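Noted in TrEMBL for the protein shown:
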DOMAIN    35-238  domain 'Neurotransmitter-gated ion-channel ligand-binding'
DOMAIN    246-479  domain 'Neurotransmitter-gated ion-channel transmembrane'
SIGNAL    1-24  signal peptide
TRANSMEM  241-264  transmembrane segment
TRANSMEM  271-292  transmembrane segment
TRANSMEM  304-325  transmembrane segment
TRANSMEM  463-481  transmembrane segment
Amino acid sequence: MKRNSLSSFSVFLWLLFTAVVLQAVESAKGKYAHMLFNELFEDYSNALRPVEDTDKVLNVTLQITLSQIKDMDERNQILSAYLWIRQSWYDAYLKWDKDKYDGLDSIRIPSNLVWRPDIVLYNKADDDFSEPVNTNVVLRYDGKITWDAPAITKSSCVVDVSYFPFDSQQCNLTFGSWTYNGNQVDIINSLDSGDLSDFVEDVEWEIHGMPAVKNVITYGCCSEPYPDVTFTLILKRKSSFYIFNLLLPCILISFLAPLGFYLPADSGEKVSLGVTVLLALTVFQLMVAEIMPPSENIPLIGKYYIATMTMITASTALTIIIMNLHHCGSEAKPVPQWARVVILEYMSKIFFVYDVGENCRSPKREKEEERKLEGDDGCQRRHKEVRSHLSKRNDDCDLKEKLNENLNKSCGVHGESIRGNCCSCYRMLIKNIEYIANCVRDHKANRAKGIEWKKVAKVMDRFFMWIFFIMVFFMSVLIIGKAA
């Protein structure tokens, strides 16, 4: 027991001694840090470029880390991004011997105390021209200064929406010194591309790279070169949201347009269906127009909307023409001979269009099936019906002969005067019967003419229905193929 208590007591003393030593070291380093700070900045000025020879170029190493894409405003063509900007350079007047300061190799001080390069974003599209965030800089004993500062940048980006919503964008972030030329401050890429290791995944855009390129440009105002570093952010839009909310409803609505030709002409809903579909597509077109910039490049989905709206307008116009054909009455001209041959004979068979009022089971087929089912009994029954019909016709003929004989007898009994009156009545009766028969024949002919026009309209409906179905299908395949 005594040995255990002595060992635990020794461990406690060792820990206490270590803590005291570390506290003394820290207090010593703090004392040396204050001493170093006072000595370094006693005669230091952050207004001038920190080089011993003014003809010497000061190299600034630039590194950009993309943390998050805040917003992509296609209409105003502005990209908002959250960046971490790291700049490092060597200050010739901020060096010390770390052995003189108890091995102190680095200190952290406010960035406004040292000279900083005036590197800005050239294509900035923000109204706020505030200064960079005054974060601390890390100062090393050899004079190297590292400045890490976060920034939310709004840069101009030329947005090409020709293939929206299957588009890819390239947005440039150009950094360079605003006042120093390349003979005074030179910018060096820390990496060949921007750092994407800490990027927060965006819900709308995929990042496919951020290559960096150094450019040296000579402007018209000055003869000195001005270097800059351009980071190209390659973005690919995630199109699932737009497919399910803009493209798929349009495709489904466009397939309703050909069905307007399938509606019966007497329903009164053929034109209203086309107008309703046209209005629905107009709403979607306005939604896309609110998102896209007012440029000459029409997006792919906008072209699809316009083509579909044009097709629906044409289908509505054709529907009106076909309805006029359907409602041709007795006063209309007869169906031309070429229309009878081409439309009523050939096209009606191709598109399986039967007479008005019939379905696919025509009366001829029904009679053939009845004959197969009835067999010989049915044939005998039909023979009996034919004989009875013939016997009725013979009876009618006998009745007509009896009437003529009675009429002649009556005329012979009552004399010549009565005979003349009866004959004139008989002739008037015959004339009236002939007039009624002619009216019935004319009515049947006019009715047959109207039925022919209705059948022509029905065949044309089926023809245009399949034509527009094929057009909608190929338009949908075409837009998917262009997107791929």
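Just so it is clear, glycine is given a Cβ too, placed from its N, Cα and C backbone atoms.
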* So which residues does the transmembrane segment (463-481) touch in its own chain, when a touch means Cβ under 8 Å and the partner is 6 or more beyond its ends? -> 247, 251, 254-255, 257-259, 261-262, 300-301, 304, 307-308, 311, 315, 318, 322, 347, 351
* Same chain, outside the transmembrane segment (241-264) by at least 6, Cβ under 8 Å from its Cβ: which residues? -> 164-165, 204, 270-271, 273-274, 277, 280-281, 284, 287-288, 301, 304-305, 308, 311-312, 315-316, 318-319, 322, 461-462, 464-466, 468-469, 472, 475-476, 479
* For the transmembrane segment (304-325), sequence-distant contacts whose Cβ falls under 8 Å of one of its Cβ atoms, 6 or more beyond its ends -> 247, 250, 253-254, 257-258, 260-261, 265, 270-271, 274-275, 277-278, 281-282, 284-285, 288, 298, 453, 456-457, 460-461, 464, 468, 471-472, 475, 479
* To do: Restricting attention to the domain 'Neurotransmitter-gated ion-channel ligand-binding' (35-238), give the mean pLDDT.
  => 89
